[in-house]
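Enquirer: Straight from TrEMBL, here's the annotation block:
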- 3-89: domain 'DNA replication factor Dna2 N-terminal' (DOMAIN)
- 459-563: domain 'DNA2/NAM7 helicase helicase' (DOMAIN)
- 570-636: domain 'DNA2/NAM7 helicase helicase' (DOMAIN)
- 693-927: domain 'DNA2/NAM7 helicase-like C-terminal' (DOMAIN)
Amino acid sequence: MTDAHQIEEYFRKILLPTIIFNLYEIGTSINDFITAIQPYIKSVSKWLTQYLDKNSKSKLFNIDKIEGIEPSVWSNLYGLIGKMDILVSISQLVNKYTRGIVPLELKTGRHSCSNSHMAQLILYTYLISASNKNMKSNNGYLIYLKDEPKTILVPSNEHVFRDLMISRNEFIQYVHQFEDVKEISNPDELLIKGPLPIVNERICNNCERLPDCSLILKCFDSKYMGDQKFNLADESTAHLDESDMQFFKKTISLLELEKRHQSNNDMSEHFWNFSSEKCESSLIGLSKMQIIRMDSGFVTFKRSSKAPMPSKLFTLNKKQIVNYSQFEGRRVVLSEEIADSTKMFNVYGMYCKRLCIAEGYVKKFSEDLQFIDVFLNDDDNNVGLESGSNKIYRLDFLNNQTNKVMAINFSNILRLMILDDKSRELRDIIIRGRFPSHNTNTCIVPSISNLFNSSFLSNLNGQQKRAVIGVLRTKCSLIYGSPGSGKTQTIVALVQALAKLGYSTLVTSFTHVAVDNILLKLMQTDSVQSKEIDFVRIGQKSRINPDLKEYSDYHRIEKWLENGDLSSLESFYNNIPIVASTCLGVASHPLFFKRTFDFCILDEASQVFLATSLGPLFVAKNFVLVGDQKQLPPVCGNRVARQHGLDESLFYRLLTFCDSNNVLANSDPDVAFERFEDYLINKNSVTIDSVRIFPLFIQYRMNRVIMELSNNITYAGKLRCANKNVELATLRCFLSEKGDPTGSFEKSYLRKAISSNLDDSVIFIDTDRVVNACENVSDSQTDLQVDGEIVSNKNCGYVYNDFEAHLIVQLTQTLMAVYQKGGLTLSDIGVISPFKRQVIHLRELFGEEFVKQYKLEINTVDQYQGRDKEVIIYSCVKSYFKNDDDNSPKLPNSAIGVVFSELLKDERRLNVAVTRAKKKLIIIGNRSSLKHYSPFQKLLTSMQPHQFVKLCEHNYDDLLDTLPKNLN
């Protein structure tokens with residue numbers, strides 16, 4: 001196909017429908033784009049006529065074969081990745097060259113033949129030669145398509161390549177200057193800088209990166225600020241004061257520490273330096289695979305028959321707990337290897353024969369877990385992949401989420417510093433705690449009375465109504481929602497109220513699950529069912545709850561993309577009143593660069609990095625953060641970054657700015673709007689010169705006894721049960737009509753633990769003075785994984801408690817024996833431990849298949865946030881035995897190395913564990929060991945004597961019989 005008319009027809013019918021979304025993204029109409037592309041169609045036609053015509057005498061080469069379209073070439077030798085336009089096999093017709101593989105680089109600008117263009121081709125030639133011993137590339141071609149096509153030969157040049165590599169190596173030292181963050185004890189030690197800027201006034205003034213460059217220079221290279229050459233940096237940051245600069249420097253430094261920490265713990269970043277067997281053992285790849293089927297971009301792999309390995313995938317390490325679904329949608333790199341990894345390393349200098357033959361993403365695993373389907377990024381990019389051949393491949397899963405998240409965080413902080421009204425407003429709020437005048441917005445509510453009488457507010461309690469009405473009036477507010485207080489229900493009512501009033505809303509949170517939970521409840525409302533209000537869920541197809549498919553972005557716009565209807569696509573995105581996305585998704589979808597919402601609702605805000613939460617706020621006029629500072633903070637892996645405040649969320653920061661710093665001490669839970677008259681009385685009673693805080697302390701989850709414990713530990717007596725049903729709820733509702741079988745356990749150590757009496761709703765099984773109950777430290781030198789995350793603790797080893805684990809098995813079996821006939825299921829029971837190694841051990845004892853089949857959830861505290869269960873069993877793990885005549889702990893060999901645990905020092909983590917329970921909370925631990933941790937000291941002193949079961953005072957031979965001999 002060389003004729004211009006044929007090419008244009010192909011473009012209109014085949015290519016144009018595939019780029020409708022891209023046209024929306026760049027803000028170009030179809031007609032304007034077609035007009036702009038016309039000259040290139042003619043140019044492409046001329047070039048194809050010249051190079052595909054066998055009789056053409058003006059061409060420089062013959063094309064024998066297209067090796068790849070936009071292939072990536074990875075070079076471990078040079079530390080570079082090249083993304084080419086086209087890779088072809090050719091026959092040379094000029095100069096001394098004959099045959100070879102060459103890159104073709106297409107350029108749409110004028111025929112400049114610039115140094116950068118030629119350097120690009122020279123780099124590609126060396127990358128091609130280094131990536132495959134059978135592929136040599138001595139030159140490349142630049143193809144300029146503007147006006148008249150022009151093809152220019154660019155010979156490989158070792159001198160130019162040497163200079164490029166020197167520049168590469170000089171640059172990389174700035175990228176990897178904090179490789180070992182373990183040596184950094186103070187963020188001020190970080191000097192985040194790159195090469196000195198060019199300092200060319202003409203170039204710099206037109207550079208979009210001038211503010212970023214100036215900020216980095218002023219904060220980390222201030223010694224140059226006296227030089228007149230750098231006056232431009234002062235001018236471009238003149239709108240920032242000293243507090244802005246200090247905030248920027250501190251936040252960027254802490255983010256860099258965390259980024260390096262995550263990178264250093266991610267083997268997948270340098271997978272080629274590890275054997276494929278080790279990568280599979282660490283859940284970051286699959287070893288010794290062969291292709292059994294290739295079809296339309298799909299490739300199916302299974303274990304190679306040449307490899308003496310299990311056919312079931314991810315079973316090399318028997319101690320792994322594998323969640324196969326976590327890999328679906330993950331980016332994957334396909335490389336060629338040989339059966340003997342040691343021999344391969346000796347020959348090729350890395351654990352790949354050919355690195356990165358193709359890229360794609362994981363589609364799915366087969367039910368028997370012996371096959372994996374991979375979808376290639378491009379069907380043409382399958383050079384070297386052969387079905388049914390003797391070739392062996394390795395598949396490596398890249399965890400590029402870390403770099404993406406951090407790039408968004410850095411970008412948000414840089415955006416906060418630019419010169420515009422929105423950034424200035426947010427700097428005042430976030431950095432200085434200076435809120436807009438009276439903190440009121442311009443939203444108009446025609447009739448508060450009608451709003452009170454609306455169906456979506458009728459089911460709310462007084463505190464929830466107060467929060468909804470208050471947010472409508474406020475520019476910047478917080479909803480402080482305690483556990484089980486109906487935060488999601490309040491958000492759903494607020495979203496409906498805003499939609500009915502004609503205001504647009506962005507609903508967001510850090511996790512996909514949190515966003516979907518709101519939408520699933522919104523979907524069930526009459527407003528949505530009657531099509532009165534509408535919403536769209538933005539996000540990756542694989543991450544959205546299947547029940548939300550009809551509201552998903554990809555489903556809603558599918559028909560317009562197929563029909564090439566750009567106008568309808570734009571209208572939909574511009575007018576949909578409710579848009580939902582994760583905080584990170586806001587940074588990647590073009591809708592958020594084109595729209596400003598009236599309100600942003602950020603759920604679970606206390607768990608989001610401050611930098612991450614900025615993204616949604618940039619695209620909204622007003623915002624409300626919903627969270628609970630007494631629950632888990634953002635996950636921060638680097639200890640130094642955590643100590644210096646990186647785990648402080650925006651929710652927490654705004655709390656510290658306002659007069660209600662201690663919201664638990666200062667808030668009045670009785671201020672609520674049950675009736676419209678309450679609103680009229682209280683509407684002017686609260687100052688709104690600072691951030692508005694709306695507490696939700698009426699809870700619907702815990703019974704009275706569990707709630708009182710949480711009140712004593714964390715909430716200063718503010719929590720209240722919503723009604724008598726919640727207050728008095730016990731396991732009695734699961735007793736069958738035939739009577740109470742708990743009487744047969746009258747003398748058992750399990751009697752109180754399985755009791756349905758309200759007073760026994762919280763029970764502490766004390767293992768003090770039980771020698772068998774000492775904690776265990778695994779002597780395994782092999783890293784363990786839970787869902788792909790390495791579990792290790794350099795101080796404590798791999799901490800678990802076998803005695804507590806067997807006690808939990810016994811307790812679970814007994815609970816089911818007593819209450820199963822009344823309707824209690826294993827999915828109603830939650831088992832929690834702060835230690836991941838204990839979670840692994842418990843899953844092993846119950847059996848992974850059993851856990852999956854009966855939906856028994858065994859997880860860490862972090863994984864349980866936002867969840868609740870009828871019964872919660874909490875395993876504390878840390879335990880040592882102390883002799884009466886000795887002041888020092890008596891440690892068995894299995895517990896050598898016991899140290900204090902940071903996990904148990906965290907009051908928020910204990911609070912989350914306690915507040916997951918509805919009707920029964922059973923805590924298992926050593927009272928003498930745990931009292932040294934202040935949160936547990938508070939818990940133990942808050943409990944009544946009758947709530948403790950001293951195991952040493954009971955006969956527990958039945959439990960001892962289940963223990964391994966080394967513990968019994």
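Note that Cβ sites are derived from N, Cα and C of the backbone, with glycine treated the same way.
Note: TrEMBL annotation is automatic and uncurated.
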Enquirer: Most CB pairs under 8 Å with the domain 'DNA2/NAM7 helicase helicase' (570-636): which of 3-89, 459-563, 693-927?
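Expert: The stretch I would name here is 459-563.
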Enquirer: Sort the residues of the domain 'DNA replication factor Dna2 N-terminal' (3-89) into helix, strand and coil with DSSP and give the three counts.
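Expert: Within the domain 'DNA replication factor Dna2 N-terminal' (3-89) the tally stands at 46 helix, 21 strand, 20 coil.
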Enquirer: How many helix, strand and coil residues does the domain 'DNA2/NAM7 helicase helicase' (570-636) contain under DSSP?
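Expert: Across the domain 'DNA2/NAM7 helicase helicase' (570-636), the residues distribute as 25 helix, 20 strand, 22 coil.
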Enquirer: What mean pLDDT score does the domain 'DNA2/NAM7 helicase-like C-terminal' (693-927) have in the model?
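Expert: Averaged over the domain 'DNA2/NAM7 helicase-like C-terminal' (693-927), per-residue pLDDT gives 85.
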